[in-house]
């Protein structure tokens with residue numbers, strides 16, 4: 001008897017699962033709030049050099065006088081050719097006495113203070129620490145460390161969750177988020193000096209990234225594991241809606257609290273109620289059974305049966321335990337843990353393949369999402385529009401996945417992204433540059449790219465969760481998420497570096513990598529309406545799929561032969577007993 005078979009006897013989506021799943025969904029609004037806060041608190045408003053009395057002894061800072069100190073295009077190209085003219089004109093001052101007098105040699109000097117536009121922000125960390133011009137690397141370093149925290153958190157919390165359980169890791173993650181949020185709010189102090197306050201702030205950001213992955217990964221896994229096969233698609237998509245809702249909640253706070261300090265402090269206070277989630281959150285009964293905690297599992301399952309007003313079948317539960325013990329008997333103890341993902345040929349191929357898919361989808365998603373603010377001049381409207389497009393993408397994925405499965409729809413979304421990404425080339429080359437037609441078409445393409453990127457990102461999350469076995473599911477998801485952060489960093493660097501060659505070069509690169517990802521994912525098996533695999537042997541039974549033929553599936557005996565251990569030979573199971 002498989003776990004899913006027994007789980008149906010206590011109702012796999014009754015009152016208990018619905019209440020607990022709603023709680024898990026509510027926890028899912030916190031990670032996007034903490035992650036995307038940087039969009040507003042470290043925004044770079046329009047700025048210019050601020051003149052001092054030394055620059056103009058008469059203190060006549062009228063617009064005409066300010067313009068006289070702006071370097072000319074000729075000066076910028078001659079003396080600061082490594083940066084754009086726009087960057088030169090807002091980061092340097094002309095010291096010529098007469099406007100555009102270029103007869104005195106190098107007459108540019110770097111600005112030491114700046115004046116920032118207050119149209120959308122009262123104050124940001126960029127202004128607090130003057131992270132512009134030659135100091136912009138401090139802002140980039142903070143983001144790099146944040147993504148590094150994403151990588152570490154994905155792996156560490158994934159492994160710990162598989163070893164110690166989903167519930168305690170969620171509780172620890174919420175505590176770290178609250179602590180790190182207050183650290184980020186109060187670390188930037190003038191009295192501490194820039195070096196110390198900046199160091200404390202990026203430490204807070206690092207911890208925030210680690211813990212956010214702990215909540216997001218573990219919460220997603222719990223949401224999928226507490227329901228049956230028929231509800232996995234529903235729970236895998238609905239929880240993504242709450243991620244987008246978290247972005248909209250952040251937008252509301254950011255709109256009303258336009259100072260970085262007030263916004264950070266408010267969100268830190270907002271994180272405190274989540275500390276009680278530990279006492280309300282359920283442990284995954286599927287995880288407990290897979291780890292051999294049969295008494296604890298029975299207690300939880302009896303509680304589920306009571307809440308769902310069904311009877312607990314003790315005889316069926318004993319059959320489940322007997323079957324699980326047989327499974328454990330044929331699995332070599334050394335194969336538990338991290339390396340179990342790489343000691344089976346099929347599991348090894350799937351792990352590498354899905355990890356690459358996560359890399360590509362994070363490259364694409366974050367590469368596109370970081371340009372959302374360029375859609376419109378108002379950053380609040382742009383951010384809200386991006387969140388709404390995400391919700392529409394999740395809704396579309398929800399409708400399509402239940403009809404055609406995971407792999408087909410994933411390929412369709414990734415291919416659709418690639419097509420519209422490459423379409424940017426003729427739009428930019430053949431249409432009149434800056435014309436209303438070109439601008440309108442580019443806006444539409446950006447929206448469509450965001451739609452496809454969000455959809456494929458959501459699908460690969462669900463697909464990977466259904467391919468990894470329960471005993472190492474969070475570990476596998478953690479590895480994928482860790483590698484995915486490399487993709488996010490690559491997407492960020494692509495926008496910064498490749499755009500210097502051509503503004504839309506990054507988008508074309510994202511499209512090409514999407515096509516490569518589609519070609520690889522075709523060998524993975526379909527998981528629609530299949531039981532979640534408990535062990536690697538269950539994954540072996542699913543087999544690999546050949547894009548030009550029928551899926552290759554192993555029988556239970558073939559799996560045992562491939563494992564080639566004495567225990568496998570002695571304890572072969574009948575082929576009629578698998579649910580793959």
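Every residue, even glycine, has its Cβ placed from backbone N, Cα and C.
If you look up TrEMBL, you'll see 21-38, 141-160, 169-188, 200-221, 233-255, 261-281, 340-360, 380-401, 408-431, 443-464, 501-524 marked as transmembrane segment. Feature annotation from TrEMBL assigns domain 'Major facilitator superfamily (MFS) profile' to 98-529.
Averaged across the domain 'Major facilitator superfamily (MFS) profile' (98-529), pLDDT for the predicted model comes to 85. In this chain, the transmembrane segment (443-464) touches the transmembrane segment (340-360); three or more CB pairs sit within less than 8 A of each other, excluding pairs fewer than 6 residues apart. Counted over residue pairs 6 or more apart, the CB atoms of the transmembrane segment (169-188) and the transmembrane segment (380-401) come under 8 Å in fewer than three pairs, which marks the two as apart.
380-401 is the stretch from 141-160, 380-401, 408-431 with the greatest number of Cβ pairs below 8 Å to the transmembrane segment (233-255).
Counting only same-chain residues 6+ beyond the ends of the transmembrane segment (443-464), those with a CB under 8 A from a CB of the stretch are 220, 224, 232-233, 236-237, 240, 354, 357-358, 361-362, 364-365, 368-369, 371-372, 375, 385-386, 389-390, 392-394, 396-397, 401, 406-407, 409-410, 413-414, 416-417, 420-421, 423-424, 427, 476-477, 480, 507, 514, 524, 527.
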